[in-house]
Amino acid sequence: MRLTVVGANGRMGRELITAIQRRKDVELCAVLVRKGSSFVDKDASILIGSDFLGVRITDDPESAFSNTEGILDFSQPQASVLYANYAAQKSLIHIIGTTGFSKTEEAQIADFAKYTTIVKSGNMSLGVNLLANLVKRAAKALDDDFDIEIYEMHHANKVDSPSGTALLLGQAAAEGRNIMLKNVSVNGRSGHTGKREKGTIGFACSRGGTVIGDHSITFAGENERIVLSHIAQERSIFANGALKAALWAKNHENGLYSMLDVLGLNE
């Protein structure tokens, strides 16, 4: 399967290029970077410190998408919406690992998915998506006598909060209790907040160092707690998940899917 990596000079872009080179069922077709990048016209090998790859880096989306079957996208929300538009026009598979979308941007991507196959997830790893499945089941089994609190930590350069993964876990918990996350979420607490409101889902976030991603969700009841957690040790888990999603999407109809669909975990 021929694939284009966008945002290729970022952390995940480089991981995706590396992951593609390790496999025989996918091929690096093109590499896209931001306009005016110093990497333009150089070989993609410069991004991962490998031998010559024979793929020229470009800042032109038309060129990057002209001979590809799919787009691997861990970029920025505005850019992802633009790429989703290209994907819809050219019937390209679009794998989106970008986080931090506004409600308007989410709606735009959902609209583009009517015309192509899009897999979008706040986390592409098998472990996190299995965790989300367990969280949903636990939330369904435990009533609101068990308070739900989600904690996440990421590297110092992460710009959105809570993380896409934390929101994915929160959404799973809300679905388990048949409630709307936006109506019950509490993002951080500071000062005199008063008593915790029953039925809410709390989020706490930390940023520092080079942490790839730590997530835990606590169900706190009377005299007992259930804690489910996931620790990401390498970004390669997200890259491998994205490739799995691309190959899966190749055989599925137009629509907006998640990694839960890819992994057969969506109930």
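Don't overthink the numbers, they just go from 1 along the chain as shown.
For all residues, glycine too, the Cβ spot is worked out from N, Cα and C.
Cβ environment of ARG11 (NAD(+) binding site): ARG235 lie under 8 Å away, each six or more residues apart in the same chain. Among the features that Swiss-Prot reports, NAD(+) binding site is placed at GLY7, ALA8, ASN9, GLY10, ARG11, MET12, GLY97, THR98, THR99, SER121, GLY122, ASN123, MET124, with the record citing sequence analysis.
Cβ environment of ARG34 (NADP(+) binding site): GLY7, ASN9, ASP59 lie under 8 Å away, each six or more residues apart in the same chain. Look at Swiss-Prot and you will find ARG34 tagged as NADP(+) binding site.
A strand conformation is recorded for HIS154 (active site, proton donor/acceptor) in the three-state DSSP classification. Cβ neighbours within 10 Å of HIS154 (active site, proton donor/acceptor), excluding its own Cβ and spanning all shown chains: 25. Under the heading active site, proton donor/acceptor, Swiss-Prot lists HIS154.
Sequence annotations record features per position, and here Swiss-Prot assigns (S)-2,3,4,5-tetrahydrodipicolinate binding site to HIS155, GLY164, THR165 based on sequence analysis. Residues within less than 8 Å, Cβ to Cβ, of THR165 ((S)-2,3,4,5-tetrahydrodipicolinate binding site) and separated from it by at least 6 positions along the same chain comprise THR99, GLY122, ASN123, VAL128, GLU152, GLY213, HIS215. A helical conformation is recorded for THR165 ((S)-2,3,4,5-tetrahydrodipicolinate binding site) in the three-state DSSP classification.
Taken from Swiss-Prot, the feature active site, proton donor covers LYS158.
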Item to complete: Check the Cα-Cα distances from LYS158 (active site, proton donor) to the binding-site residues GLY97, MET124, GLY164 and tell me which is shortest.
Response: GLY164
Item to complete: Could you name the residues, excluding HIS155, GLY164, THR165, of the same chain that surround the (S)-2,3,4,5-tetrahydrodipicolinate site, i.e. Cβ within 8 Å of the Cβ centre of those residues, in sequence order?
Response: THR99, GLY122, ASN123, GLU152, HIS154, LYS158, ASP160, SER163, ALA166, GLY213
Fill in: Distance [Cα-Cα, Å, rounded] between HIS155 ((S)-2,3,4,5-tetrahydrodipicolinate binding site) and MET124 (NAD(+) binding site)
18
Worksheet entry | Residue with minimal Cβ packing [other Cβ atoms within 10 Å] among the binding-site residues GLY7, GLY97, GLY164 | GLY164
Item to complete: Taking only the Cα atoms, work out how far MET124 (NAD(+) binding site) lies from GLY164 ((S)-2,3,4,5-tetrahydrodipicolinate binding site), in Å, as a whole number.
Response: 11
